[in-house]
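See structure below.
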């Protein structure tokens, strides 16, 4: 048997070496012809020649390594560790040489794609060897050409390599502080979305259970969904960032946050609901593993994710009837929590119906005052910092996002505020559409200005109509503004999430981290802060069981709806099955999630579904081990091209 395996391996390596040699000869011929015309080549052609030369060197190294393996295999019977080391080394080189070509070919297939992060990550090597001002200028020019984001206001890679070339570490600190601010802004924007979702669900006459798993679930998970979508649309490697986020966020919420809830406020889980949600979560993880086995995800597979989530919604709606069918007692009704409001409790009296004799500046001051500003003196220093950071985004959101909040008198109607919002909202929409519609046009700025000017004229007419045809009493059509507020809030959340993705990708370039690691760590933890604050707050308010249920339901929705939407948008981006390889790091993440869910269910089943401090400690320990293992894999584990692409076939 050992001799047979040696012969098979020898034949395989000889075949690969032969293939690589023929490919090498063809590359040399093309390179020779190309170099003859190098004097007449454009700047882009020169860059292509340099890229070909780099790939050629990788392929030469791969051929030499496989030749050494072949000789060791045929001439030496004592293979041992040396042969294993050579196989791993050659697999890594072949993965780089062949995988780089495949990724570049697919990138070129994506129309309008300006991301070249695989090449952009080479900037770290260039910067480390820079010593003169000319070297720094060359690095900066490379960054401006190769690291340009498709969407985004700023090319964040320019900060360490163009703006602060001699203080890269300080630039990293600046980017980290900026991404923290963006996360705080994102959480503030979600507060403008949820009241509109609640109003829309009531206008559609949906039952509370249906609204909870549809409109409100989407509202609570909007930051996760839109960050994953933005990551997927960022480029051909964006899906790796999205899958890293959904897995890392799942571990953070299920293990980290649920563990903290059990430590702070021990609870008794509802057996039926907990098993239902964990069962669907395990099903979604198994479905993800099966779909990722072929190294790609298609539109139909994305639709399957959405169908499974729709099935989950149906089961939740009719869960009590299902229990009765199986002879089980129905669940006790949970006390509903009020949805988060843009205006805090202390401000409700100030938001009452405006009297006719009020001055205009007093009306605007009351409506556009930052959230919780009236209670500033009662806050801790940390809460004051958050309010201060949220002031710019809260002001902009209140200028462009109409909010219909049924918890306020007259549903929060303000004639002056609505007039201003209807003027600025079309301008904001025109700016957003122009940014994404004319990404490659040299007249992008002109089109944007013209579009915003036309939108300003339209907004002025709408604002004049509202001001002249309404009074301080809420009009009949006021609640329909919830749909406009929903659309505006969604666009703001997506734009902010896309900016967060750009900063995260810049971190990957600066510190040479893979997309999966970035998704697992920085993006997942940042997005998960909202779940951390909300769920622990709900638990401390006396609803730990509800908070624990959210720790299972949230990652379930993220993996089904998130990956489903990402698959659909990703395939629209590349017009073919979106590449997503099942790497070692992703396999480890899935294994940790499977194990954590099984451990939680077995532990609770043994204790009568009583989650105590020990249960929480076990879950938190699982999350810490998961993070250490995942980040270590990014530094020390190389995925084998031979394992996933040759042996698998």
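For all residues, glycine too, the Cβ spot is worked out from N, Cα and C.
Whatever TrEMBL says is automated annotation, not expert-curated.
If you check TrEMBL, you get these features:
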type	residues	note
DOMAIN	175-317	domain 'Sodium/calcium exchanger membrane region'
DOMAIN	482-631	domain 'Sodium/calcium exchanger membrane region'
SIGNAL	1-22	signal peptide
TRANSMEM	169-194	transmembrane segment
TRANSMEM	206-226	transmembrane segment
TRANSMEM	246-267	transmembrane segment
TRANSMEM	279-297	transmembrane segment
TRANSMEM	303-319	transmembrane segment
TRANSMEM	385-404	transmembrane segment
TRANSMEM	416-433	transmembrane segment
TRANSMEM	445-467	transmembrane segment
TRANSMEM	479-497	transmembrane segment
TRANSMEM	547-574	transmembrane segment
TRANSMEM	586-607	transmembrane segment
TRANSMEM	613-633	transmembrane segment
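Outside the transmembrane segment (416-433), and at least 6 residues removed from its termini, the chain residues within Cβ reach (under 8 Å) are 354, 360, 363-364, 367-368, 398-402, 448, 451-452, 454-456, 458-460, 462-463, 466-467, 470, 478, 481, 484, 488, 491, 495. Listed as Cβ neighbours of the transmembrane segment (479-497) (distance under 8 Å, sequence separation of 6 or more from its ends, same chain) are residues 182, 185-186, 189-190, 192-193, 195-197, 199-200, 203, 222-223, 226-227, 229-230, 397, 400-404, 411, 418, 425, 428-429, 432. Each residue of the domain 'Sodium/calcium exchanger membrane region' (482-631) gets a DSSP state, and the totals for helix, strand and coil are 129 helix, 4 strand, 17 coil. The residues of the domain 'Sodium/calcium exchanger membrane region' (175-317), classed with DSSP into helix (H, G, I), strand (E, B) and coil, number 121 helix, 4 strand, 18 coil. With respect to Cβ pairs under 8 Å, the transmembrane segment (613-633) is most closely packed against 586-607, considering the stretches 385-404, 547-574, 586-607.
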